[in-house]
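Engineer: Got a structure for you, questions after.
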Amino acid sequence: MNTTNLDAIPRDRLPALLQAMPKAELHIHIEGSLEPELIFALAKRNGVSLPYPSVEALRAAYAFTDLQSFLDIYYAGASVLLKEEDFFDMAMAYFQRAKADNVVHAELFFDPQTHTDRGVPFATVIDGLVRACETAQRELGISALLIMCFLRHLSEEAAFETLEQALPHRDKFVGVGLDSGERGNPPEKFARVFARCRELGLHLVAHAGEEGPAAYISTALDVLKVERIDHGVRCVEDPALVKRLAAERVPLTVCPLSNVKLCVYGTMADHNLATLLADGLCVTVNSDDPAYFGGYMNQNFLETFAALPQLGPREAHQLAANSFEASFVDEARKQAWRAELDRVFAAV
Ligand code: HPA
Ligand SMILES: [Zn+2]
């Protein structure tokens, strides 16, 4: 579209535009979409006992002080997932919410070790998720890809074992990522397993620079050779790195509500998303663990734009376009989404 028109769009149209614009979500841990109501329903269905007496008591425990305080509850919540149907139901609930937010494409992280370490077979996890992805495409028109994450607080040997279990299912996921506690678990701890995944032709991403230092972003790029950085907001501590990220258009999958909930920033007004975008980085907006952090995609967009006055219609368009640019799909599909994005903006 003629992007000069973007500045003519009145600011009061912004909330409606943010909601209506098509967008891709590239940083969503599917286990982080488990709402307390579904946790309790699955606990009942599977005869799992929970350390919380009610949905309200569980929700009240969602007062996090840092990443680890969240991860402790997140892994406890995932303990209700036992059967293929559970993984299917969890992912379908996410896709329904994503549809309401005009998400046209989602790349879902899943944490197999969280489940296989409890005795749930790898096939149970991935087959439930794949069936949900196929159903989302067929019934909701949302395309979806799966990215398998290694838990970085565990060993590289454990990651290799997980990769071994995943190989018979190689065609069911498009990439690998690195998540869980970042501090003290630098990307280079997983150099060999990422090199192997690269040989296998998998896409590579990693969480870096959420709680960990900017140096972890550099080693994720240089040692692991990742294509996208998940979070990455602490890049600002290294100005040369910021220049590099902009020059190479390395996507950052930023999660604003997550960052505030996990105290990476005191308030949304302190967030650096607008600055990074103005510096020319390929910033995207994502929900991370929406059931735990106070909102899905549109809530992230709405709260971020409400708190940061530098963000207007031009930036909304750029963020949606960036999400398509950063996705792991072919150019033709990106082109079609961009055309739809332009149609929505032209109709304002
Ligand atoms: O935000 C996160 N950071 C790291 N690991 C995670 N696992 C789920 N969510 C997260
Ligand atoms: Zn994450």
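Positions of Cβ are set from backbone N, Cα and C atoms, glycine also.
Keep in mind that TrEMBL annotations are predicted by a computer and have not been checked by a curator.
Pulled these features from TrEMBL for this protein:
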ACT_SITE  Glu210  active site, proton donor
BINDING   His27, His29, His207, Asp288  Zn(2+) binding site
BINDING   Asp289  substrate binding site
SITE      His231  site 'Important for catalytic activity'
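Neighbours and distances for these, please.
Structural biologist: The Cβ neighbour count for Glu210 (active site, proton donor), using a 10 Å radius and every protein chain shown, is 24. In the three-state DSSP reading, Glu210 (active site, proton donor) counts as coil.
In this view, Asp288 (Zn(2+) binding site) is surrounded by 29 other Cβ atoms within 10 Å of its Cβ, with every protein chain counted.
DSSP assigns Asp289 (substrate binding site) to coil in the three-state reduction, outside any helix or strand.
Around the Cβ of His231 (site 'Important for catalytic activity'), the number of neighbouring Cβ atoms within 10 Å comes to 27.
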Engineer: Could you say whether, by DSSP, His231 (site 'Important for catalytic activity') belongs to a helix, a strand or a coil region?
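Structural biologist: In the DSSP reduction, His231 (site 'Important for catalytic activity') maps to strand.
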Engineer: If I take the alpha carbons of Glu210 (active site, proton donor) and Asp288 (Zn(2+) binding site), what is the distance between them in whole Å?
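Structural biologist: About 12 Å separate the Cα atoms of these two residues.
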Engineer: So for His27 (Zn(2+) binding site), how many other CB atoms are inside 10 Å of its CB?
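Structural biologist: A 10 Å sphere around the Cβ of His27 (Zn(2+) binding site) contains 31 other Cβ atoms.
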Engineer: Can you tell which of the binding-site residues (His29, His207, Asp289) has the fewest other C-beta atoms within 10 angstroms of its C-beta?
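Structural biologist: Least crowded of the binding-site residues His29, His207, Asp289, by Cβ count within 10 Å, is Asp289.
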Engineer: Beyond His27, His29, His207, Asp288, what residues of that chain have CB atoms within 8 A of the centre of the Zn(2+) site's CB atoms?
Structural biologist: Ile28, Gly32, Phe109, Asp179, Asp230, His231, Thr253, Cys255, Ser258, Asn286, Asp289
Engineer: Got a sec? Which of His27, His207, His231, the recorded positions, have CB under 6 Å of any ligand 1 atom?
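Structural biologist: Once distances to ligand 1 are taken from each Cβ, His207 fall under 6 Å.
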Engineer: Could you give the Cα-Cα distance between Asp288 (Zn(2+) binding site) and His231 (site 'Important for catalytic activity'), in whole Å?
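Structural biologist: That comes out at 9 Å between the alpha carbons.
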